[in-house]
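Novice: According to Swiss-Prot, the site 'Transition state stabilizer' annotation covers Arg20, Lys27. Here Swiss-Prot flags Arg157, Lys213 as site 'Positions MEP for the nucleophilic attack'.
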Amino acid sequence: MAVTISDVCAVVPAAGFGRRMQTECPKQYLSIGDKTILEHTVAALLANPRVTRVVIAISPGDARFAALPLANHPQITVVDGGTERADSVLAGIRAAGNVAWVLVHDAARPCLHPDDLARLLAISQTSTVGGILAAPVRDTMKRAEPGLNHIAHTVERVDLWHALTPQFFPRELLHDCLTRALNEGATITDEASALEYCGFHPELVEGRADNIKVTRPEDLQLAEFYLTRMTYQENA
């Protein structure tokens, strides 16, 4: 398929284990219905016609992935991930080919709504820096005393946002910012933080709060509820 300006490659870092799920199986391979979380995640990305390819970064020798239908999907490319998320994302970017923009999405975030994805992708028409899906903070935020479960003070929530994924950036810009940040020992918690480190200010695109990341055991049932509701609404 010829690459055009509108083509987008998604990168899904899936080399992590997720110990907070308290399971022997990495969380991306836990099942919701008849599919794994990873399969739901990839399906949500490929549902948008602009996403023509998905690069999945997995742990070397990951036998669980090899057993999935995704392993033989014509739009899926697999690469070995690294020890840290940023290393896996860089490996995915290098395999993305000659696309102008890349979309990075958590492997364990299966409830991405198609409207959110479409609005995020639309910023490529107006932005040279990119942006992320995010949700305004709604709860009162407290900062704890260092190392203690005691309140130090209340944090003003005005202008505070929860960073979500996908995060969407020009491919070369994200590659260069991640590389520089890693080389200089910066703490990179998501892709946007690499751009921030290099002096850029990505856009915040408001997304749905039900775009949850499956992190703890109780998240699994919640994700199943959201996916079931989304399927019902699409078929209504």
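Each residue, glycine too, has its Cβ placed from N, Cα and C.
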Novice: What is the separation, in Å, between the Cα atoms of Lys213 (site 'Positions MEP for the nucleophilic attack') and Arg157 (site 'Positions MEP for the nucleophilic attack')?
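Specialist: It is 21 Å, counting Cα to Cα.
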Novice: Taking only the Cα atoms, work out how far Lys27 (site 'Transition state stabilizer') lies from Arg157 (site 'Positions MEP for the nucleophilic attack'), in Å, as a whole number.
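Specialist: Cα of Lys27 (site 'Transition state stabilizer') to Cα of Arg157 (site 'Positions MEP for the nucleophilic attack') measures 31 Å after rounding.
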Novice: According to DSSP, folded down to helix, strand and coil, what is Lys213 (site 'Positions MEP for the nucleophilic attack')?
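Specialist: The residue in question, Lys213 (site 'Positions MEP for the nucleophilic attack'), is coil (DSSP, three-state).
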Novice: Which residues, sitting 6 or more apart from Arg157 (site 'Positions MEP for the nucleophilic attack') on the same chain, put a CB under 8 Å from its CB?
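Specialist: Same-chain residues close to Arg157 (site 'Positions MEP for the nucleophilic attack') (Cβ under 8 Å, separated by 6 or more) are Val137, Arg138, Asp139, Thr140, Met141.
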Novice: If we count other C-beta atoms within 10 Å, could you say which of the recorded sites Lys27, Lys213 has the fewest?
Specialist: Lys213
Novice: Going by DSSP, is Lys27 (site 'Transition state stabilizer') part of a helix, a strand, or coil?
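Specialist: In the DSSP reduction, Lys27 (site 'Transition state stabilizer') maps to helix.
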